[in-house]
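Taken straight from Swiss-Prot:
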DOMAIN    16-158  domain 'PID'
DOMAIN    211-307  domain 'SH2'
SITE      Arg234  site 'Required for interaction with svh-2'
REGION    292-316  region 'Disordered'
Amino acid sequence: MLNVEPSFAEELRSSGVSLSATYLGSVPVVESINVMVSEMRVQVVSECIQHVAATVGVTAAREINPVVSRVIGEVKKENFPVDINISSKMIKIIKQSRLIQRHPFSFFSFGAQGQKGTDTELMFGYIAKNKDGTDRRCHVVFIEDVHKLIDVLTTAINVNTFDAQANASTSNDGFTVPAPPMRHRSSLHRQSFVSNCRAPTVTEDVVGKVWYHGNLSREDAQALLKTEGDFLVRQSDHTPGKYVLSGRTAENEHKHLILLDNHNRVRTRDRTFSNISELIDYHVNNGMAVRSEGRDRETSLNLIRPVPCPGSDDIE
């Protein structure tokens, strides 16, 4: 059931809602959002907002997060007043009655507000491809009523999703037909839309843990794993947001297990956990090996000794 005022839903289906804003610019995002966990998506958009705003001179410049810097390109500066038109089908950015950007929701990936309590709080960034499905960018706007923008956009996405499901369930001749496979539906079914008010994610609790090393390459991780049972958790330096459990087996082999599946769930072969810390604690406290099934064979890691991250305490 669509929990939206009917007249508002019809407005979104027809002319859409227009809001005045300042279009600051955009920056290419070369990495697919689908491979990133939720907090990494937020971090990418937050860094893009800050980077674009600093480039056009409306905020102070600061160093970009090194992980994010690998997945974004050069800023395209704009900084002019626009109207943002949001309908149930797309987002349009209009300058002096001329359409300059059009992003159908089928190519919309992710959006987030600027960081609260900073000079980007009234800014909003969203990642989308253009109308022909190419040129993935984070587009950044400044808008006084940023919360209204978020509310309208969230509602438009809900209407779009509802309409797509309704159209999929009934054929033109009135007979009920199966819904299409998920890959053929609007990509909104697979995307998260966030503001600063969001629930904690499955990976946020790793920060500060003695065994968490942050961004670390496979080679550097292996150099730290000296004996059987040594383990650490790291974030891949090649794929932002991919969390990996690295350890050394009884056969003195290095193993690297991806901790999140395609739905951002923390899983092993045997069970699902609410977060990464729960997975680590469960296997350490019970003396159980972490088991994961690969294409060729099962991988098993005993978690005996956490390798402490430099600068962390040896005891949590």
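Each Cβ is built from the backbone N, Cα and C atoms, and glycine gets one as well.
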Per-state residue totals over the domain 'PID' (16-158) - DSSP helix, strand, coil: 41 helix, 56 strand, 46 coil
Secondary structure composition of the domain 'SH2' (211-307) [DSSP: H/G/I, E/B, coil]: 17 helix, 36 strand, 44 coil
CB within-chain contacts under 8 A for Arg234 (site 'Required for interaction with svh-2'), separation at least 6: Tyr212, His213, Gly214, Asn215, Leu216, Ala221, Tyr243, Val244, Ser246
Integer average pLDDT (0 to 100) for the domain 'SH2' (211-307): 85
